């Protein structure tokens, strides 16, 4: 391999930049999860395509690096907007096949993966794996800079951003900054009023998915998450995690400016606002601003009259 010890930017074919992967050859499933080791790793073709210890394929647009050419092709779709995987039951389209599979389960209602501990069912094997960690306490994602560990990779990514410092994702409306793109997307709904998560059993809609999930539990009565200490049951895993701290006394959310710590993240955010004076939650209908999302929810009801409104 040429330049085996150096970063080697890959030139993306013109066809791919125009939103088509025609003419691009790869012996990998382009939707293979980044951390998954290919089954054909022992083959000569796999060896030539990538060295597992080096990330030689680089995106010329943003500098993203990966060991696998197929992963780079998948990543390029985030720039081109290409969504080749189409739902045959509605107009939904996805950039990755596994995302389409998750969507299709919403049409079929199929949840083939079941927890042997509590009966929780999931449409995806990965969802069941995450759920099982609520029983086992497993936290496989380790921070290489401190002793923090997480049950989910997304939580580790958020934690790592605290080491790096800075909040690269900023709101153009009010200057609110966050460490994740998803966090900015959620924040923007406080300005736009967008509520993309719709209940399929009534006319309820929500700005955030977990809020919709809580609402759906009212229809089904399903509470799959149970506390092993006291039998408390809840519809949401995050609620169980919060509840468990009432037994352990854990306060995982630490202020980096004083010795304050909190049981829940939103309590820490409110506390930090006292240091910074920041009020990131703004009403789109008037100039009201607040450091507390719950206060914004309450304020918005003065405009809408909707007692169930949650941003």
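Every residue, even glycine, has its Cβ placed from backbone N, Cα and C.
Those TrEMBL annotations? Automatic predictions, nothing curated.
Annotated domain 'C2H2-type' per TrEMBL: 57-84 (among others), in sequence order. When pLDDT values are averaged over the domain 'C2H2-type' (57-84), the model yields 84.
The domain 'C2H2-type' annotation in TrEMBL covers 85-112 (among others).
Residues or ranges marked as domain 'C2H2-type' in TrEMBL: 113-140 (among others). Outside the domain 'C2H2-type' (113-140) by six or more residues, the chain places 98, 101-102, 105-106, 149-152, 224-226, 228, 237, 240-241 with a CB less than 8 A from a CB of the stretch.
Residues or ranges marked as domain 'C2H2-type' by TrEMBL: 141-168 (among others).
The domain 'C2H2-type' feature in TrEMBL is assigned to 169-196 (among others). Residues 157-158, 161-162, 205-208, 278, 280-284, 289, 293, 296, 311 of the same chain lie 6+ residues outside the domain 'C2H2-type' (169-196) yet bring a C-beta within less than 8 angstroms of a C-beta in it.
Secondary structure counts, DSSP: the domain 'C2H2-type' (197-224) has 12 helix, 4 strand, 12 coil. Taken from TrEMBL, the feature domain 'C2H2-type' covers 197-224 (among others).
Residues annotated as domain 'C2H2-type' in TrEMBL: 225-252 (among others).
Helix first, then strand, then coil: DSSP counts for the domain 'C2H2-type' (253-280) stand at 12 helix, 4 strand, 12 coil. What TrEMBL records for 253-280 (among others) is domain 'C2H2-type'.
If you look up TrEMBL, you'll see 281-308 (among others) marked as domain 'C2H2-type'. Sequence-remote contacts of a segment are chain residues at least 6 beyond its ends whose Cβ falls under 8 Å from one of its Cβ atoms, and for the domain 'C2H2-type' (281-308) they are 173-174, 190-193, 204, 266, 269-270, 273-274.
The region 'Disordered' annotation in TrEMBL covers 1-46.
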Using a Cβ-Cβ cut-off of under 8 Å, list the residues of the same chain that are 6+ residues beyond the ends of the domain 'C2H2-type' (253-280) and lie near it.
162, 171, 174, 176, 187, 242, 245, 289-294
